[in-house]
Amino acid sequence: MASTHQYHHDTESLDYSSDGSDDVPFLPNAINPSRRVKRYTRPLIEYVRNEWQSNTKYSGSSPDRSEIPGWVQMVMSIITAPRFRRYAIIYTTLFISCLLGWEFVLSPRLKEHSELTKSLDPNSKEKVGGWYGTNALPSFEGVIQLKNLDPSLLPAREAPGPGKDSSRRLIVVGDVHGCRIELERLLDEVTFNNKTDHLIFTGDLISKGPDSPGVVDLARKYSASCVRGNHEDRVLLVRQELAEVDAMTDTSGDEFMDGLSTSGAQKDLKLARKLTDEQAEWLDACPVILNVGHIPTMGQVAVVHGGLVPGVDYDKQDPFSVMNMLTIDLDTHLPSSSRDGKKWTKFFNAHQSVAYKSTKHADSQATDTQATTVIYGHDSKSSLSIKTYTKGLDSSCVKGGKLTAFVITDGGEQQVIQVRCDNYLGE
Amino acid sequence: MWFSTPRLLVGLYGLSLAAVGSSAADVDFMSVRPTVAKEYSGKGGEPGPKYFKESDFHYHYDGRFADKPLSEDETVPHLSELIRTYLSTMEDLGAETWIMHGTLLAWWWNQKIFPWDNDLDVQISEPTIHFLADYYNMTEHHFEIPGVEGGRTYLLEINPNYVIRSTDDKLNVIDARWIDTSSGLFIDITAVRKDDERRERGDPGALMCKDGHRFDETEIFPLRNSYFEDVSVKIPFEYVRLLKKEYGSKSMTATTFQGHHFNDVTEVWDKQRKRQFWRRQPVDVPVRTTPLGPLLR
């Protein structure tokens with residue numbers, strides 16, 4: 001009992017001293033607290049020996065004070081105390097930061113989580129009447145929906161021993177957009193070796209940039225794989241139309257062609273004519289979805305330009321959506337090419353982690369084979385975006401950003417390598 | 001003038017074009033395009049009186065060729081031949097056309113006409129409507145159709161108000177019809193025009209139809225080649241965006257529609273036989289046959 005009492009006074013006195021009240025000369029006494037406690041057992045004010053207590057000049061306010069009820073005085077004295085003010089500031093800041101954290105971080109996260117969970121709930125499928133992927137997929141003339149990558153091109157299953165190099169590598173490159181010089185620099189940067197490395201492009205090799213045919217030639221030279229991007233899609237369709245009306249070289253009929261009012265359409269037309277038959281054929285052979293196959297630590301890997309909707313078979317994924325998706329409707333799982341909505345990658349990652357959570361710890365091998373990882377481009381606004389099951393590689397090279405290579409080596413090791421790009425759009 | 005009255009034309013049967021192959025020998029769009037394809041702008045004139053009339057028995061039949069609608073079982077096969085003959089004729093003429101609205105939605109689901117549908121929507125560009133009006137208005141096209149004795153004759157009729165380029169022409173929003181003269185069923189053909197107003201406001205790809213639909217060139221062009229009712233058809237470039245804009249997301253995902261359910265195995269819309277239990281069953285109401293007494297009347 002005695003010891004706690006002593007401790008109480010002790011802290012009190014220490015606090016007084018820290019307030020820096022210099023007219024109370026007990027600072028040196030702090031060295032010996034027990035002695036000081038004996039001396040100052042009453043409020044310090046009573047130890048004041050100057051005329052403060054006796055002179056009426058200083059007690060003038062006392063009649064007023066007595067009018068104020070005691071509890072108000074107490075409250076006032078607490079509020080005006082410097083310690084209270086200090087704590088008040090600390091606690092208010094703490095409270096506000098908690099509030100902001102809840103409002104802008106935690107609450108949206110929780111809301112998003114519950115939204116995603118709800119949209120993945122099979123019961124909600126009945127409520128909305130069905131999910132994306134039930135329709136009979138239309139076929140488009142000259143568009144290949146799916147290709148499988150030759151398994152002999154995949155890196156070895158086991159990671160290379162210490163000091164050894166990977167026996168095979170997959171080098172996936174984001175949207176090049178005709179930036180041939182940057183592509184060459186990037187291949188130097190990753191020390192590309194045509195014998196052991198296989199190049200894969202996430203689409204949009206062409207358009208916008210300075211040398212689209214050059215990029216296609218480079219890709220052909222290295223027998224690269226690719227997927228159809230929205231820009232290839234447009235340019236190849238324009239080319240198809242030119243072939244239909246026999247206007248590949250003849251520009252006299254251009255003024256009678258539909259849909260050429262925008263500058264974008266004019267550029268597409270120009271590029272469509274600029275490509276050689278071989279280049280166009282090579283681009284036309286790029287599928288909408290490239291099924292890379294199984295890679296340790298990544299599961300089933302698919303390369304697309306825009307994105308994929310989880311839970312829908314490759315041959316049920318609408319090609320326009322695969323090439324253009326940015327967001328997804330959480331009710332119907334219908335992807336959209338517009339930016340307003342939930343990002344498809346959030347939905348995809350949520351779906352994969354829910355679907356394979358149960359097996360995650362029990363059998364990581366099973367997760368490995370079942371889960372799907374998507375490597376994609378298209379979304380230059382989000383730039384490089386590496387998540388567990390989605391790897392976004394469009395880092396807006398043509399706009400002066402970077403060109404990204406996602407390198408997969410033996411054992412499924414992954415590495416991101418980038419080079420800086422010139423700004424060819426002058427925006 | 002080329003817009004003679006349709007009744008007169010039925011009389012001039014023998015003079016009109018006939019048979020599939022013959023049209024290829026005639027003028028096609030490419031050969032005459034300099035005379036028709038030019039910049040069209042301005043209002044083009046004042047709104048006119050309604051040209052295409054609907055029959056009094058059904059809004060989607062042409063009353064000049066029928067007096068009653070087809071039975072439900074007959075409708076879809078007729079519509080199927082209607083669109084197939086239309087698409088092949090346009091291809092022969094080199095006239096670019098593509099499907100839109102409900103027909104595009106039907107294409108999304110299984111590339112077949114909805115079993116509950118009785119109309120089809122196609123679009124053409126402005127130079128094409130001028131070309132069709134100048135060279136093929138009121139032409140009849142006869143097709144031999146397997147299982148149909150004597151085949152069927154189709155009539156391409158252009159609304160003379162196609163020259164008016166304003167949505168104020170509310171009674172003439174349909175620019176042309178492809179009519180099955182055996183049943184009165186028809187396809188609505190609308191021309192997609194440059195939207196002068198929006199282009200002036202700095203929207204270089206703005207397009208519009210007289211029915212008030214607005215598009216952007218990048219949504220429609222370049223057209224895609226696909227299939228509908230087993231024949232080639234052109235599809236607008238951004239079909240998903242267009243469908244979402246017009247019908248919402250659910251139109252492309254919900255498997256129950258108009259009393260039909262989409263069978264994901266057969267990929268066909270099956271008619272729902274049993275009614276859902278929470279819906280009230282329609283009851284056969286007893287019908288009085290003896291007249292009521294004079295007091296009650």
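The chain as shown is numbered from 1 upward.
A Cβ is built for glycine as well, from the same backbone N, Cα and C atoms used for every other residue.
Automatic, uncurated: that is what TrEMBL annotation is.
Pulled from TrEMBL, these are the features on record:
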- B:96-197: domain 'LicD/FKTN/FKRP nucleotidyltransferase' (DOMAIN)
- B:210-248: domain 'LicD/FKTN/FKRP nucleotidyltransferase' (DOMAIN)
- B:1-24: signal peptide (SIGNAL)
Secondary structure tally of the domain 'LicD/FKTN/FKRP nucleotidyltransferase' (B:96-197) (DSSP, helix then strand then coil): 29 helix, 42 strand, 31 coil
For the domain 'LicD/FKTN/FKRP nucleotidyltransferase' (B:210-248), distant same-chain residues with Cβ under 8 A (at least six beyond the ends): 80, 83-84, 87-88, 91, 96-101, 103-108, 111-113, 123, 164-167, 169, 172-175, 190-193, 195, 198, 203
Stretch-averaged pLDDT - the domain 'LicD/FKTN/FKRP nucleotidyltransferase' (B:210-248): 95
